[in-house]
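Swiss-Prot annotations:
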- Lys166: active site, proton acceptor (ACT_SITE)
- His287: active site, proton acceptor (ACT_SITE)
- Lys191, Asp193, Glu194: Mg(2+) binding site (BINDING)
- Lys191: N6-carboxylysine (MOD_RES)
- Lys329: site 'Transition state stabilizer' (SITE)
Amino acid sequence: MDQSNRYARLDLQEADLIAGGRHVLCAYVMKPKAGYGYLETAAHFAAESSTGTNVEVSTTDDFTRGVDALVYEIDPEKEIMKIAYPVELFDRNIIDGRAMLCSFLTLTIGNNQGMGDVEYAKMHDFYVPPCYLRLFDGPSMNIADMWRVLGRDVRNGGMVVGTIIKPKLGLRPKPFADACHEFWLGADFIKNDEPQGNQTFAPLKETIRLVADAMKRAQDETGEAKLFSANITADDHYEMVARGEYILETFGENADHVAFLVDGYVTGPAAITTARRQFPRQFLHYHRAGHGAVTSPQSMRGYTAFVLSKMARLQGASGIHTGTMGYGKMEGEAADKIMAYMLTDEAAEGPFYRQTGWGSKATTPIISGGMNALRLPGFFDNLGHSNVIQTSGGGAFGHLDGGTAGAKSLRQSHEAWMAGVDLVTYAREHRELARAFESFPADADKFYPGWRDRLHRAA
């Protein structure tokens, strides 16, 4: 059934929809299956995403038609489809009237993903009007709160130097805590890897107790504050809360040095909201393990990593992993920096829309995946600043002189970039950084040709 007479309004102008302030706008890359027209399929998509079904129903009235989702722009050659969703369509909490991301997803990327006339459809961007934007929680904490704990400038404190304890599984409590202590002697921040929790060989309560002790010892030995991101991911709301409360109790006076990591993609919006609302004084660390199943450029359905990042800020993530923008081992490219800008700026350009009016704290980009001291300067050059959390697993513990030296090499790389000094030149007077060149020779050869002669040349 062709529903384009009802669910398509190509005379609508995007600027007018934005000025009107009552529509969420979504841009998709969509291809109909063979034999289906583009506008017909787009209209069916909008109908299935809002008030329609595959037939006319007798219960439809004028009010219902007034909240139809509408296709307002198509470009069949580029496979671009844009849809305007009235904000009235989206579900609200009965306890406080707040918005919920699960409703946003159910409409904009729900049943439409399985339609028989759609070859593929993927959301690449969305715009949220101010009246709906302010109904989301937004972040309660971000990198500025970490800088405060670390004793830095809370406006421009620079990179928080971190690691992921490796191997990601298989370490028992004491070796895990020992690795934490080793890294903390040289840098700032340690996170659980996403599967680390309460395995039988590493009970959470024992591990956390030893990690809290390792933090105290490292702080005493260095005179510096240290940070830990503890995984509280669980299927059950009460389990998440129980883990969080135990962790805070165990860290005691260092409770504000603790972030809570949640695997937000695999557990969904409910887990992120649980952490955001139950623990508003903790940094909420959104790990996105599994997201590549829908966000990868190889996947033609779902949504992009940019969309995921923007949704994370709406929900209140303090920080979210954004990949390495082509500078590490994970899928990505330099242009992915627009994700970071959407997370941090009050107004930012997306692939299709300019989002304004955040009115909330920024969300911190978390950089991880194949990074080491040699790759950082290029990454910072591309991004234009270094106000990120950066976690290197192999980049720290793959250092020839161990985790402490690896941690120091990451700090030294950041110091060199901040000072505008060439990395090889800086390494001549910083042994840990110099040894990073020897630890990662393939990267050294790629990014710093002739480094061996330059490094050992007299200053």
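Yeah, the Cβs are placed from backbone N, Cα and C, and that goes for glycine too.
Projection of Swiss-Prot feature records onto the structure.
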| residue | record | DSSP (3 states) |
| --- | --- | --- |
| Lys166 | active site, proton acceptor | coil |
| Lys191 | Mg(2+) binding site | strand |
| His287 | active site, proton acceptor | strand |
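Each of the recorded positions Lys166, Lys191, His287 was scored by how many other Cβ atoms lie within 10 Å of its Cβ, and the smallest score goes to Lys166. Note: the Cα of His287 (active site, proton acceptor) and the Cα of Lys166 (active site, proton acceptor) are spaced 16 Å from each other.
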